[in-house]
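Colleague: Can you keep this structure in mind? I'll have questions shortly.
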C-alpha cells in the first residue's frame, strides 16, 4: 500500500490519529472514517485538491450528479422488474466553496458512483459522513455563577459568587454566530438582538426545538445571563430537535457563518455597518474525529472569525474529537464552582483554556422567559465565545477616528491565554494547560487588561520569592537571607 495515498493527506492523517483509511485502491482517493463516530450509511464528504478552481469544482459536481442520475435510473428499472426492496440514493446534498480555501461537496451515493468519484484526479480524499450531536448535559437546579467566576481572580466566596464585574459596553458591535440547534430569538433576555441566520438540515423549521442552542446563546449575549451583554446573536441551525445531525450539515453551517461574516466586513468597509467590530462563533457540539470539520473551522478562523469550541464531555483526550481538535479555534474545557476540572470534561494538549461548565443557568425554550440549568463543556465554550465578543467590543470600531489595526484571531487567542488565571484548578492532567478564563475584572481598557495581567504575573513571582526569603530568615539563615534580598533589590 506504500505510496498510494495522496502526499497532502498524509500529514492530516498523522494529526488526526482517530481517523482511519478504510479503503485504499491504486490511483484512487482514500476513503476516511473516524474510529469514534457513527457513520451515516452511503453518505460521503468529498474534498477537492488544492488548486482546483470553483469552475472545475462545479463541472465535477454536475458530472457526479449525472452519474448518480444514470445509476438511479438503472436501479429503478430493476426495481420495477423484480419484487425486492432496493434502496434509493439522494445524490448531491451540499456544495462547499469556502473563501477559496476549501472546495468540496457531500451527498448520498451508491457504491458504484463513489468508486468513480474517488478515481477523479481532482479529488484529494473522501470522508464518510457521520453523526454529530449536542454534548450531553445533566439538568439540575442551581443558580448562575459562571459570570462571577470569570470576572474574579480569586476563588469565589459568599460575597462574590453572584457578582459579575464587567464593562457595560461588552459585546457592542460584535456578531456572535451560534452553530447549534437554533436559538429562541424572541426570548426577552436577547432584547431584540437575536436573529435567525440559517437552517441547514433540509426540511427543518426555523426554530430551536431542543433548547441547547438557546442556552449557549444566552451565556454568550443575554442581558442577564450573558458575558457580552450587547452582542448580536445569529442562530445557525445545524442540529435537529433531537440534538443530532450530520457532519456535512455542520460543515455547511460553518461555511454559511464565515460567508456572512465576510459580507459584514465588506459592508463595514463601504460604511454600511456602522460600529461593526468583528464576528465570533461558538460550536458546543461534537462527534468523532473529522479531518474536514477541523479544516473548515481553521479556514473560518483564517478569514477572521474568532471561534470557541467545546472540548467534549468524555473525560478523554480532546484531540480525538472534532471540532475540539481544530488547531486555530479556542478549545474549552469545563470547570466547577470549587475550581476543579469538571468530572466529564475532556483534557489534553488540544484543550486551550477552561471556563465554568457545571450547573450553568441560562435562557431556554418554551416561552420568552424560560430558563434552565445544565452542565457540560457545551456551557463552558459560550463563556469563551462571549469573552471573545467582549474583548473585540473594547476596540475602536473600524469606522472610528480612533480605529486601530484589527486584532487577528491568533492574537486574540494568545492574549486570552496570556491573561488567564493560572494554576488554580485541581485535577488537571500534566499535559493540559491549567488556565481559567478571566475578563479583566471589569476594566474597559483592553491594552491595560493585557499589560496589567503580565505585570501581575511579574508581581506574583516577586511576591512568591519574597515569601520564600522571609521563610529563610525565620529559619535563622540570616546571612543567606540578606545576600539574596540584596540581590533582588539590585
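Just so it is clear, glycine is given a Cβ too, placed from its N, Cα and C backbone atoms.
Copied straight from Swiss-Prot:
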ACT_SITE  180  active site, charge relay system
ACT_SITE  212  active site, charge relay system
ACT_SITE  378  active site, charge relay system
DOMAIN    43-134  domain 'Inhibitor I9'
CARBOHYD  282  N-linked glycosylation site
CARBOHYD  456  N-linked glycosylation site
SIGNAL    1-26  signal peptide
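Give me the structural setting of these features: burial, nearby parts and distances.
Modeller: Residue 180 (active site, charge relay system) falls within a strand when secondary structure is assigned with DSSP. Within its own chain, residue 180 (active site, charge relay system) has 134, 212, 213, 216, 217, 235, 236, 237, 238, 239, 282, 283, 284, 285 as residues 6 or more apart in sequence whose C-beta sits under 8 angstroms from its own.
Under the three-state DSSP scheme, residue 212 (active site, charge relay system) falls in the helix class.
Here the domain 'Inhibitor I9' (43-134) returns a mean pLDDT of 87 for the predicted model.
Take the CB of residue 282 (N-linked glycosylation site) and look out to 10 A: across all protein chains shown you find 33 other CB atoms.
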Colleague: Inside 10 Å of the Cβ of residue 378 (active site, charge relay system), count up the other Cβ atoms and send me the figure.
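Modeller: For residue 378 (active site, charge relay system), the count of other Cβ atoms within 10 Å is 31.
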Colleague: Tell me whether residue 378 (active site, charge relay system) sits in a helix, a strand or coil according to DSSP.
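Modeller: Going by the DSSP assignment, residue 378 (active site, charge relay system) falls within a helical segment, counted as helix.
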Colleague: How many other Cβ atoms are found within 10 Å of the Cβ atom of residue 212 (active site, charge relay system), counting all protein chains shown?
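Modeller: Residue 212 (active site, charge relay system): 29 neighbouring Cβ atoms within 10 Å.
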Colleague: Do you know the DSSP helix, strand and coil residue counts for the domain 'Inhibitor I9' (43-134)?
Modeller: 36 helix, 33 strand, 23 coil
